[in-house]
Amino acid sequence: ATSGKVIRCRAAVAWAVGKPLSVEEVEVAPPKAGEVRIKIVATGICRTDDHVVKGCIANVEFPVIPGHEGAGIVESIGEGVTSVKPGDKVIPLCIPNCGECTFCLNPEASYCVKSHFSEPQNLMPDKTSRFTCKGKQIHHFMWVSTFAEYTVAPETAVAKIDSAAPLDKVCLLGCGFSTGYGAAINTAKVKPGSTCAVFGLGGVGLSVVMGCKVAGASRIIAIDINKDKFAKAKELGATDCINPQDFNKPIQEVVTEMTGHEVDYSFEVIGRADTMIAALASCNMNTGVFVMVGVAPSDAVISVDPLLLLTGRTHKGTLVGGSKGRNFIPRLVSSYLEKKFNSDLLITHTLPFAKVNEGFALLHAGKSIRTVLLF
């Protein structure tokens, strides 16, 4: 009944940098050719959404509807769309897969040339918006904008998932869980029997812990200044939990003493220059791999002692799991349904969408791992 028509619905709009999100009635236009309109059922609150509101993400334009960790049901499709149909369960992808660019055609690559990092995704590919509010054009965020009851995304940024998937649980697989789990499985390629160190135990850091465990790591050292996170980290597979504030020496020295020769893989899941360097220094020379997972502020700079790299360490970065989302996310959902991992353990709070700012307050206070908003 709604196909081809403008839909009026609720969305959380960031009108300006630093202002709390405002739940507004917005108009969502029908999808154009190659686009999909999705009824969002559930969306997680990710630290990156907080970075958007605070103005820390480069190239985002205001006013904007944030949110990029959602799951929903296809409401209608534009001309030429073949991979999904109305009624399909889907997860929108904050990094698309056009399937045609040099990166999409490279089996080793995972980030499409059409991602936000090479050309901003504040408007749809035709450079117009599908959102309006109070007569004003509202920008998209990474083509997904899941803080809206209905959103429009290009077909290339939509992954069809198993119809048995519970959307209020698998929404995390759109960003937070897949980012951490994939950093261990796809980017680092953690080997059985190896040692790992994970800096930062938020939702993504704990997902790294889960990925390291599934990959067969024999020792997983979890590091955070909030001891309240240690019980959950151990439940998910960490063998050791340490707080840098308990030591009067650099944390990389503590890790070296614990292991005797540094770790095989280290992950920084915070987004701070100092902890990135500490994590790099915590992995061993010759074969140590450091993976940068946390998103640093857009003006951050890291200064590295060249000797750390000259002696053989590898410094890698990863986004949303280091794999092509249209393939990886459906596979992850299948693994979830097969109970290969339990990402539900990351969900500490479930709130109605109207309480979106309460969800951000829980994040700021360090009281939540993941809050899921339900429409």
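Here the Cβ of each residue, glycine as well, is placed from N, Cα and C on the backbone.
Sequence annotations record features per position, and here Swiss-Prot assigns N-acetylalanine to ALA1 based on similarity to another entry. Residues or ranges marked as Zn(2+) 1 binding site in Swiss-Prot (evidence: similarity to another entry): CYS46, HIS68, CYS175. The annotation Zn(2+) 2 binding site is assigned in Swiss-Prot to CYS98, CYS101, CYS104, CYS112 on the grounds of similarity to another entry. Marked as NAD(+) binding site by Swiss-Prot on the basis of similarity to another entry: GLY200, LEU201, GLY202, GLY203, VAL204, GLY205, ASP224, LYS229, VAL293, GLY294, VAL295, ARG370.
If you measure from the Cα atom of HIS68 (Zn(2+) 1 binding site) to that of CYS104 (Zn(2+) 2 binding site), you get 21 Å.
Using Cα positions, the member of the binding-site residues CYS46, CYS98, CYS101, CYS112, CYS175 nearest to ASP224 (NAD(+) binding site) is identified as CYS46.
Within 10 Å (C-alpha to C-alpha) of CYS112 (Zn(2+) 2 binding site) lies none of the recorded positions ALA1, CYS175, VAL293. The most crowded of the binding-site residues listed here (CYS46, VAL204) is VAL204, judged by how many other CB atoms sit within 10 Å of its own CB. For VAL295 (NAD(+) binding site), the same-chain residues that are 6 or more apart in sequence and have a Cβ closer than 8 Å to its Cβ are ARG47, THR48, HIS51, ILE57, GLY271.
When the alpha carbons of VAL293 (NAD(+) binding site) and CYS104 (Zn(2+) 2 binding site) are compared, the span between them is 21 angstrom. You'll find the Cα of the residue listed as 'N-acetylalanine' roughly 30 Å from the Cα of CYS98 (Zn(2+) 2 binding site).
DSSP gives CYS46 (Zn(2+) 1 binding site) a coil state; it is part of no helix or strand. Ranking the binding-site residues CYS46, CYS104, CYS175 by Cα distance from GLY202 (NAD(+) binding site) puts CYS46 first. Nearest to GLY200 (NAD(+) binding site) in space, judged by Cα atoms and limited to the binding-site residues CYS46, CYS98, CYS101, CYS104, CYS175, is CYS46. Fewest Cβ neighbours within 10 Å among the binding-site residues GLY200, GLY202: this applies to GLY202. The Cα atom of CYS101 (Zn(2+) 2 binding site) lies nearest to that of CYS175, taking the binding-site residues CYS46, CYS175, VAL204 as the candidates.
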